[in-house]
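K.L.:
Below are the features I grabbed from TrEMBL:
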type: DOMAIN; residues: 24-147; note: domain 'G-protein coupled receptors family 1 profile'
type: TRANSMEM; residues: 12-32; note: transmembrane segment
type: TRANSMEM; residues: 44-72; note: transmembrane segment
type: TRANSMEM; residues: 129-148; note: transmembrane segment
type: TRANSMEM; residues: 180-198; note: transmembrane segment
type: TRANSMEM; residues: 225-252; note: transmembrane segment
type: TRANSMEM; residues: 258-280; note: transmembrane segment
Amino acid sequence: MITNTICLYVDLFLFIVCILQILANSVVLLAWCTSKRLLYNDNLILLISLAFIDFVYAVLQFPYLIILIAGAKPDGAPLDYDPWVIVQLAGPSAALMKSGCTITTAIAIDRVFALYFPFQYFKRSKRNWSVGAFVLAILLALIDWIVLQLTVTIRPKPYCTSFGCFTNAVFRAYWGLSNMLMNLLSCILTMVILYHLWHGSVPSPLATEIERQNKHRIDKSANRVALYILLVSALLGVVPGCLNCLELFIHVPLLDEIAFFVGTCASLSGLIHAFIFAMAHRDIRESIMKKIHRKIPSSTIPSIH
């Protein structure tokens, strides 16, 4: 049974993760913004878009979590959060989860095209495709926000512990199923990518020649980061999302309790993404290390005369 104490501990944990997520993603974004080499690397646009969305998501979650923690009560006492405050504070971050799903799917599609259709992949502009995917991600988040405003009647609900409880079945079904389908698509594409990599299929002479001609456009570090991001999304996106959607149709007490912790996965994945960017991409890691070394003054040894 989910008690008020458990809710408080989860909220405190998410608050700490939220702070770390803001700091970690801000470091990655700062490293990207201050490096001309990174700014002109088209392979990083989708990855940086995801870092930006993770950063904004954490910023939007910050005041919402403060309200939840401030309104905590002892076990047995009914929680009495202001529904207008909860829905308006948590709604934007809930909608932004669709943006994260969209960018993750775009990363998977990009990798599939690069592996299976190299000729068409290198003919098109990756910058235009990546920027278009980011714009689509923001538009889909806006649609989720509009659906929330049109379908949810905000009213007081004692004992509600989080944003989802203040919404209704229509919005939860739409939001949960659409996010799950998006994550499921990226998971399937990830398995296709892994099959290609593990199968060790020999590239055709044409594919080898195309890769040789476009060697200057290939960023192996970005490819590695993309694969790690997709694996994290499969673990922290698809599985919790499926359990959450299953809870909408099958009312089992165990699923109710599991669904309560599903929201933590979005914050954890955003934090893990930042560490993947900083550790797995060589240029981003070097840019961060240069800035750290600049801030640490070199020790001076006084000369002895």
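Even glycines carry a Cβ here, placed using N, Cα and C.
Curation does not apply to TrEMBL; its annotations are automatic.
How buried are these features, and what lies next to them?
P.N.:
Panel annotation: around the transmembrane segment (12-32), residues 38-39, 44, 48, 51-52, 54-55, 57-59, 61-62, 65-66, 69, 263-264, 267-268, 270-271, 273-275, 277-278, 284, 287-288, 291 of the same chain, lying at least six beyond its termini, place a Cβ under 8 Å from a Cβ of the stretch.
Using a Cβ-Cβ cut-off under 8 Å and counting only residues 6 or more beyond its ends in the same chain, the transmembrane segment (44-72) has close neighbours at 4, 7-8, 11-12, 14-15, 18-19, 21-22, 25-26, 28-29, 32, 38, 79-81, 85-86, 89-90, 92-93, 96-97, 99-100, 103-104, 106-107, 110, 126-127, 130-131, 133-134, 137, 161-163, 219, 222, 225-226, 229, 266-267, 269-271, 273-274, 277, 281, 284.
Beyond its flanks by at least six residues, the transmembrane segment (129-148) meets 42, 45-46, 49, 53, 87, 91-92, 94-100, 102-103, 106, 110, 167, 171, 174-175, 178 of its own chain at Cβ-Cβ distances under 8 Å.
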K.L.:
For the domain 'G-protein coupled receptors family 1 profile' (24-147), what's the mean pLDDT in this predicted model?
P.N.:
89
K.L.:
Count the residues of the domain 'G-protein coupled receptors family 1 profile' (24-147) that DSSP assigns to helix (H, G, I), to strand (E, B) and to coil, and report the three numbers in that order.
P.N.:
105 helix, 0 strand, 19 coil
